[in-house]
């Protein structure tokens, strides 16, 4: 029994079909708990006031936006090396979700930035890197959409994802080089001496887990839809040629 | 490989090859910017380096979609692919020709155009050096983008969407070299990073380009 058995679409469909309701429940429960706790049962920050509460959407969406690309990188590698179709379809499924999360992070950041920094947008490396990440998502999705043959589309987007990852990291450091930041440092690091206070930290981690579950659920749904669409297409071709 | 380079160079220089279009575009851009921004040298001088780099980048982008598309239309790409030269070599040769026909002439005329934009004299040598170092990266990245979109009917718009984000690091470091050079600061760090990006692109991207070409020729 190995992980690769789930590369078989039939097995993947069976497993994901069984797991999906539980993932949805986890996503709903964790998101609700984290967000309600964060919005209504945490004290106000002594400097930021009520606006600190936007952190419960801003940080998890930014986290998903970055890690969705990382997941696409891993699944693209699996497709290029082992030719498992489910892997390529999962990468395709994750891209629009990552793009939406990037936009959410940018928008909540802008809404948060107005009262805190006095501006919606600043020439800041982090903000710029996120905008660039959004552009990479757009290019990736556009390439998927414009190639008809599904296998060459999977190949080409995987190559783009690999090259794009290198350049996305480069762009991040280039952006740091380009301007000094207004954005605060990381508030959740495993290696930092001091993170944000536990009062904010616990609901934030719950919201993060909720967003991860939500991402997983959405990727599973979209991958299953893609597999079904492939099957429909195969059936239609068969019906036409028969 | 040399035969391929010579053939592509001949094709580029003779009628209909499109050589010089990028240069004229660069010239027009350098003319339009002062008209759009206003004739004040105090306003133009600080932005000149960025505008020139941006112009070079867009001029490079212009000629990318014909890089493989013409060869694919008349079938010579298939012949080139079956030749004993590995596709990685073809990718490198195509990128080199693209640089010789766009990047290099752009670098050579940039000092002249920088007068139009009131670039500080101290920054001018750095402009030439940074363009000479940075434009090969633009050509190599662009060749990769062209290989990704070679099979598509309306690929040129998609090509710019794919390639422009990849140009960001080169643009940042290139423009930074000129800015620092103009202000008399040390340019060692951005110059080294720019050279690193170019060398990395030359070393690694032909493999990605060849992989994309193989998929598209399948």
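Any Cβ shown, glycine's included, is placed from N, Cα and C.
Beyond the ends of the transmembrane segment (B:12-37), by six or more residues, the same chain brings 43-44, 47, 51-52, 55-56, 58-60, 62-63, 66, 97, 101-102, 105-106, 109-110, 113, 116-117 to within a C-beta distance below 8 angstroms of the stretch. What TrEMBL records for B:12-37 (among others) is transmembrane segment.
For B:43-64 (among others), the entry in TrEMBL reads transmembrane segment.
Using a Cβ-Cβ cut-off under 8 Å and counting only residues 6 or more beyond its ends in the same chain, the transmembrane segment (B:96-119) has close neighbours at 5, 8-9, 12-13, 19-20, 22-23, 26-27, 30-31, 33-34, 41, 44-45, 47-49, 51-52, 55-56, 59-60, 63-64, 67, 127-128, 131-132, 135-136, 138-140, 142-143, 178, 182. Positions annotated as transmembrane segment by TrEMBL: B:96-119 (among others).
If you look up TrEMBL, you'll see B:125-150 (among others) marked as transmembrane segment. Counting only same-chain residues 6+ beyond the ends of the transmembrane segment (B:125-150), those with a CB under 8 A from a CB of the stretch are 49, 52-53, 56-57, 60-61, 64-65, 67-69, 72, 77, 91, 94-96, 98-99, 102-104, 106-107, 110-111, 114, 119, 156, 158-159, 162-163, 166-167, 170, 173-175, 177-178, 180-182, 187, 191, 194-195, 197-198, 201-202, 205-206, 208-210, 212-213, 216.
According to TrEMBL, the transmembrane segment annotation covers B:157-175 (among others).
Here TrEMBL flags B:187-213 (among others) as transmembrane segment.
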Practice problem: For the transmembrane segment (B:43-64), could you work out the same-chain residues 6 or more beyond its ends whose Cβ comes under 8 Å from its Cβ atoms? | Solution: 18, 21-23, 25-26, 29-30, 33-34, 37, 98, 101-103, 106-107, 110, 113-114, 117-120, 123, 127, 130-131, 134-135, 138-139, 142-143, 145-146, 156, 159-160, 163-164, 167, 170-171, 174-175, 178-179, 182
Quiz item: By Cβ distance under 8 Å, which residues at least 6 away from the ends of the transmembrane segment (B:187-213) in the same chain are close to it?
Solution: 68, 77, 81, 86-92, 95, 126, 129-130, 133-134, 136-137, 140-141, 143-144, 147-148, 150, 169-170, 173-174, 176-177, 180-181
